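Participant: Here's the feature list from TrEMBL:
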ACT_SITE  HIS320  active site, tele-AMP-histidine intermediate
BINDING   GLN104  ATP binding site
DOMAIN    13-338  domain 'RNA 3'-terminal phosphate cyclase'
DOMAIN    184-286  domain 'RNA 3'-terminal phosphate cyclase insert'
Amino acid sequence: MDGDRVEIDGGIMEGGGQILRVSTALSCVLGLPLRVRRIRAGRSQPGLRPQHLCGLEVVRDLCDGKLNGGEIGSTEITFTPGKIKGGTHIADTKTAGSVCLLMQVAMPCVLFAASPSELHLKGGTNAEMAPQIDYTVMVFKPIVEKFNFTFNCDIKRRGYYPQGGGEVVVQMSPVKELSPINLTERGTVTKIYGRAFVAGALPIKLAKDMSAAAVRCIRREIRDLYINIQPVREPDDQAVGTGSGIIIVAETSTGCLLAGSSLGKRGKNADKVGIEAAEMLLQNLKHGGTVDDSLQDQLIIFMALAKGVSRVKSGPITLHTQTAIHFAEQLTKAKFTVTKSEEEDPSNDTYIIECQGMGMINPNL
């Protein structure tokens, strides 16, 4: 069996947890035994952190697989997948590790399961270095559903750094195959909306300050659009710990969604949080692509599995996206090409990511 294992070097390119997520999800879907060495070699604390281990364990449980080397700090694992069965699964990082990153690794697997799945994911809902749950619901969900599947994401409780304690329930039915997507027309921005939130010991005034600062910043570039960023205080029974942050979404005439977000932390001025998110949004709007920097790499695995040719127009290709493409090509028969987009406006730095998907057919349905 070991002769047939796919060997993955977890230390190249982005060198982080994403390599683990993409390769174990594809290993599970394709039924390919896997060995990953040099896990997170590029990080200050190499090896598995609680959140990565939790992601591996949920994939193992989804398919009755075998996982060796699954300990905190481990820099090498082997994984042998079984049949993906669906059903109810609980994954708990027991830290503020991101539930959204757990969702990233589990979602491709449950799409090719034998029956519907319900995932109870516990940890941080609004964590640094990961998409916020609001981003997942407001941007990722409507776009990724263009691959011809749907899912329900119910935020039961929010959890913040350092203790986590949030819970999200994801319900999803399997599909026979994924359709390709074509996201190449940006259109014009038609509305801008979002939410600035506080939870725990923080006053609503902070949320109002974040929102106001973000609106002022966007107004300097975009004058004629109504901007609706709601200040919200999370109900105490639906939030664990103290946290704050903001997400702002721009919607275009062709249905594209691009976002900017930022998290508050102790000693960080509320205006600064709002301005950071606004500047990120404006940056994402400036390049002329149809997806923002955070969504770019999250679409790669679905493009690789889909049947037919997917095309996405993006801004400059991030290292996360290059890494996802590298490992998707290594594990599937999908072929990606990235070409500079021929723009009428030469100041636009845009690219077309094209993928001839492998056309994965669900063997369990």
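Glycine is treated like the rest: Cβ placed from N, Cα and C.
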Participant: Here are some recorded positions: GLN104, HIS320. Which one has the most Cβ atoms within 10 Å of its Cβ?
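Facilitator: Result for the most crowded candidate: GLN104.
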Participant: Work out how many Å separate HIS320 (active site, tele-AMP-histidine intermediate) and GLN104 (ATP binding site) at their Cα atoms, rounded off.
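Facilitator: HIS320 (active site, tele-AMP-histidine intermediate) to GLN104 (ATP binding site), Cα-Cα distance: 13 Å.
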Participant: So what's the average pLDDT for the domain 'RNA 3'-terminal phosphate cyclase' (13-338)?
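Facilitator: The answer is 97, the mean pLDDT of the model over that range.
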Participant: Just to be sure I understand, if DSSP states are collapsed into helix, strand and coil, how many residues of the domain 'RNA 3'-terminal phosphate cyclase insert' (184-286) fall in each?
Facilitator: 36 helix, 37 strand, 30 coil
